[in-house]
Amino acid sequence: MTDSIPSGYKPLTCDTLPGYLSSRLTPSCEPGGLPEEWKVSEVGDGNLNMVFIVEGTHKTIIVKQALPWLRAGGEGWPLSLSRAGFEYNVLCQEAKYAGHTLIPQVYFYDPEMALFAMEYLTPHVILRKELINGKKFPKLAEDIGRFLAQTLFNTSDIGMSAEQKKALTAEFALNHELCKITEDLIFTEPYYNAERNNWTSPELDDAVHKAWADVEMIQVAMRYKYKFMTEAQALLHGDLHSGSIMVTDTDTKVIDPEFGFMGPMAFDIGNYIGNLLLAYFSRPGWDANEQRRADYQEWLLQQIVQTWSVFTREFRQLWDNKTQGDAWSTEMYQQNRAALEDAQDQFFATLLEDSLVNAGMEMNRRIIGFAGVAELKQIENTELRAGCERRALTMARDLIVNARQFKNMDSVIQSAKVK
């Protein structure tokens, strides 16, 4: 059930936004010039919110406002406006641990209007678009690996006291509406004939019906849905894919954490890996040059290996040097370094398995379920698109059903190459 709409709430437009902002912006984030002269455009291309660019004489800012329904689903899919507050709070938490080198600055939040203003990122572009274009980013793996390590470690029981962790869990437990969307769209609907499913038909019909009859895969999906619902390990971004990352050659910013909540670490990691694999399998639809395509596919696979390597290295370093955190208490290992390393190895082995399952779940969702990805959906030749998707579905099943057999990320990318 959605919350009641505040009496002062109203959706803003390009015409009404300047007047609203004129009395609320501080000098440090003021666009400059007269409000009536600001250039305002609505650029939201996501599923949830209105996104405005406000350009003045001195500065450009972003304003993001939640609507009382899912933008991609219309007024027939109501949603609480409180999701704007959750996104704002996740951005603040992420900036606390990952810093503004990876997280955009937020200028102010208005709960009654379900709106916040934030830094305009330029010349950054959405990563997904650049992956379609076949562009490489030398800092990407280092930045995303560090983002994952800092945010997941520092909001977990390993990195914070039990009291702090439980308070954080309580704060984000109320973001249940967006969690329900994830529970439905990723963990449930791709595995039966749900109304919102949207696959390449009829070319992929046989593969989709095979997935619906795959009891072994469905059992794993249900088990990981339960883990998603019950394992409050750390504060997640909740929707970490290439559409939630903006990049330049030298800078990376993670955006759009409105799905943030306390959940299993492997969900964020798996989402990102799954999207890199989708980009990998989509390449025949975007580049007919075999040598160039193979080179870029290798770069995509190495992003998976390198991101995991950076993540585990940074996470382990934070763990080694921690000064608080009630899980794996420091006192237990002061005289036994080998025991700590063994505990860490076991932790990462479990996390790898869970991350791979989640990667496969994300891949299935994007091919069979609601809200697919541009790198596949925009391949105009349906036979070619279906071929890419069929290979991706084969990989997804392998990750879901056989995750434990993959002992490292190198074995994962070798499996992808033979699909």
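Heads up, the Cβ atoms here are built off N, Cα and C, so glycines get one too.
As recorded in Swiss-Prot:
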BINDING   N49, K64, D256, P257, E258  ATP binding site
BINDING   D239, R365  substrate binding site
Cα-to-Cα gap, R365 (substrate binding site) vs N49 (ATP binding site), nearest whole Å: 21
Neighbours of D239 (substrate binding site) among the binding-site residues N49, K64, D256 (Cα to Cα, within 10 Å): D256
Span of N49, K64, D256, P257, E258 around ATP - largest C-alpha separation, Å: 12
Neighbour count (Cβ, 10 Å) for D256 (ATP binding site): 23
Collapsed DSSP category at R365 (substrate binding site): helix
Cβ neighbour count within 10 Å of K64 (ATP binding site): 24
Binding-site residues compared (D239, E258) - highest count of Cβ atoms within 10 Å: E258
DSSP three-state assignment for E258 (ATP binding site): coil
